[in-house]
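A short worksheet on the structure shown next.
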Amino acid sequence: GHASQVLVRKRRANSMLEETKKGNLERECIEELCNKEEAREVFENDPETDYFYPKYLGCLGSFRAKLFTATRRSANGYPDLRSCVNAIPDQCNPLPCSEEGYLNCKDGQATFTCICKPGWQGEKCEIDINECKDPTNINGGCSQICDNTAGSYHCSCKSGFVMLANEKDCKDMDECSVKPSVCGTAVCKNTPGDFECECSEGYRYNPTAKSCEDIDECSENMCAQLCVNYPGGYSCYCDGKKGFKLAQDKKSCEAVPVCLPLDLDKNYQLLYLAEQFVGAVLYLKFHLPEITRFSAEFDFRTYDSEGVILYAESLDHSTWFLIALRQGKIEIQFKNDYAAQITTGGQVINDGLWNMVSVEELEHSVSIKIAQEPVMNINKPGSLFKPTNGFLETKVYFAGLPRKVENALIRPINPRLDGCMRGWNLMKQGASGVKEIIQQKQKKHCLVTVEKGSYYPGSGIAQFHIDYNNLSYVEDWQVNVTLNIRPSTGTGVMLTLVSGNTLPFALSLVQSTSETSQDILVSVENRVIYQLESISLCSGQQSQLEFSVSRNHLELSTPLVKDVIYSEDLQRHLAVLDEAMKGTVTTYLGGLPEVPFNATPVNAFYNGCMEVNINGVQLDLDEAISKHNDIRAHSCPSVWNDKTNS
């Protein structure tokens with residue numbers, strides 16, 4: 001191309017030749033007129049001659065023809081012919097090179113050469129060289145950013161970096177050191193070119209306040225059922241009272257599984273006597289001829305040692321007759337116009353077997369037979385109930401007393417009776433339609449088979465007031481508990497002490513990580529202070545757990561393990577319990593009363609058999625201040641036996 005020819009053209013030998021040529025031009029073409037041949041002799045080459053001669057004729061036209069005027073002069077800018085002609089061979093006038101990029105201009109034979117400044121290229125030095133794209137010097141030698149500029153370039157750094165003295169390399173700026181308060185109360189962590197304000201897990205950085213703020217995970221619906229947010233975290237809970245427990249993911253809820261199925265088969269011909277915690281199961285009213293004497297026959301089954309079987313009274317309440325159980329034996333109490341009497345006797349019948357009992361009023365006595373064998377004969381003056389208007393009218397209550405009759409008895413009795421009755425015949429009137437009444441009511445039906453014990457169905461609790469103060473040391477208290485348990489589910493609260501809305505002590509079961517075993521948890525408020533792991537409690541056998549706790553001592557034992565627990569933490573937790581024991585605590589068996597769901601680690605009801613001894617006293621659920629109706633005080637369903645496999 002043309003440009004390369006320009007670059008390789010031979011340079012004139014030296015400035016001496018230039019001077020010679022200038023003198024020849026003056027002589028030949030300015031002082032004299034020259035034709036093209038004479039001009040060729042001056043330049044000694046064709047390109048320059050061809051370039052010069054037309055322009056020479058132009059100068060002659062301007063000046064020799066006396067046409068020089070102010071206008072003309074201003075047009076070509078030459079004052080006289082000499083100036084006009086001398087300027088023609090100078091290819092660098094007017095300047096053909098880019099002013100920004102050229103260093104100087106070299107006149108040549110009918111051409112010119114632009115010498116470029118560093119950073120420029122092109123025939124006229126009009127093209128900027130992009131040093132940032134130079135393959136031999138990648139990125140212009142800059143470590144981060146190369147900025148190309150007209151005729152040059154410079155290096156710069158990304159945000160968060162500073163330029164080193166060599167003006168090419170960048171170094172990370174440690175914002176955490178430069179601006180110590182940049183993150184406020186959060187922790188500043190320097191990163192390449194930047195910094196981060198870090199918060200602990202469960203907190204989020206607020207750039208406006210420059211502080212860490214607690215994330216309310218509960219507002220993000222993290223939990224399936226119940227959620228409690230606390231600074232830096234959250235906990236999920238499930239409604240144990242509805243039979244749910246927390247799943248392995250600690251967020252979802254799952255049904256508390258049954259680990260030991262029970263035989264809950266019922267029969268409507270068996271009347272369950274403990275359906276109500278207070279009051280009778282049902283009552284009958286008789287309106288019979290006046291010659292009728294009192295009689296009652298029935299089959300009876302119980303493990304309970306005390307309670308009311310039947311209570312009969314006149315309509316005006318003045319006369320009454322009681323058939324009860326005391327210490328496992330039949331007791332008769334009655335009061336009429338003639339006498340008030342009490343008799344207990346016969347053999348013990350609270351053996352869980354069916355016993356046929358008959359009570360019959362004879363002319364001068366009341367005869368009591370068990371299995372048709374006479375066991376008692378009670379003398380009585382006159383008839384038990386006095387007829388009115390030619391009729392004998394009585395009310396007979398099953399398994400309970402009406403109103404506040406307890407106070408009127410000759411000897412007080414706990415009326416509650418966990419037992420079953422079948423084949424009853426009162427006043428010789430047969431079943432008196434009772435079967436039809438109870439047939440529709442599941443709750444009045446008895447389990448076909450039961451064992452000795454107490455049963456918690458996983459739906460309620462029993463409440464006791466127990467004084468734990470040690471009588472010999474007034475300042476001291478002691479809780480010694482023995483539990484005989486046969487759980488049917490692996491999760492539930494067995495025993496808890498409640499003070500207001502808090503639970504200063506609880507003993508619970510939770511399903512272990514293994515399907516077949518359970519853990520025992522001891523907790524103070526909502527903290528587990530001890531966990532006894534992996535015991536197989538759902539085997540169908542009774543297991544005995546013992547624990548004793550005082551203000552500075554906790555001991556737990558099972559048939560396989562005896563543990564005396566001691567730790568600094570334990571002392572702190574026992575101090576919480578000690579404080580509660582100075583006030584009033586209520587004892588609950590089988591679950592929790594209405595307290596906040598997060599008051600304790602486990603809130604499911606206990607499901608299964610359990611007998612409890614506290615400080616040497618066997619607790620009788622009939623003596624509870626209150627008890628859920630479905631808790632059985634003296635009977636427990638048998639383990640379900642798949643009849644098809646046996």
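Cβ from N, Cα, C; glycine included.
The feature region 'Thrombin-sensitive', as given by Swiss-Prot for the ranges 59-87, 233-261, 494-522, 552-580, sits at 59-87. Record source Swiss-Prot places Cys170 in a disulfide bond whose other cysteine, from Cys155, Cys157, Cys183, is Cys157. Of the listed residues Cys116, Cys142, Cys146, Cys146 is the one Swiss-Prot pairs with Cys132, by disulfide bond. Remote same-chain residues near the domain 'EGF-like 4' (214-254) are listed as 200-204, 458, 491-493, 510-511, 591-592, 597-598, 602-605 (criterion: CB distance under 8 Å, separation of at least six residues from the stretch ends). Taking every listed stretch (88-126, 172-213, 270-446, 455-636) in turn, the largest tally of C-beta pairs under 8 A with the domain 'Gla' (13-58) is reached by 88-126. Model confidence over the domain 'EGF-like 2' (128-171) is summarised by a mean pLDDT of 92.
For Glu38 (4-carboxyglutamate), the spatially nearest entry among the recorded positions Glu48, Cys92, Cys97, Asp107 is Glu48, judged by CA separation.
DSSP gives Cys125 (disulfide bond) a coil state; it is part of no helix or strand.
If you take the CA of Cys253 (disulfide bond) and look 10 A around it, the recorded positions you hit from Cys132, Cys236, Asn470 are Cys236.
Where the domain 'Laminin G-like 1' (270-446) meets the stretches 88-126, 128-171, 172-213, 455-636, the count of C-beta pairs under 8 angstroms peaks at 455-636. Here the candidates are the recorded positions Glu26, Glu37, Cys142, Cys199. The one whose C-alpha lies nearest to that of Cys92 (disulfide bond) is Glu26.
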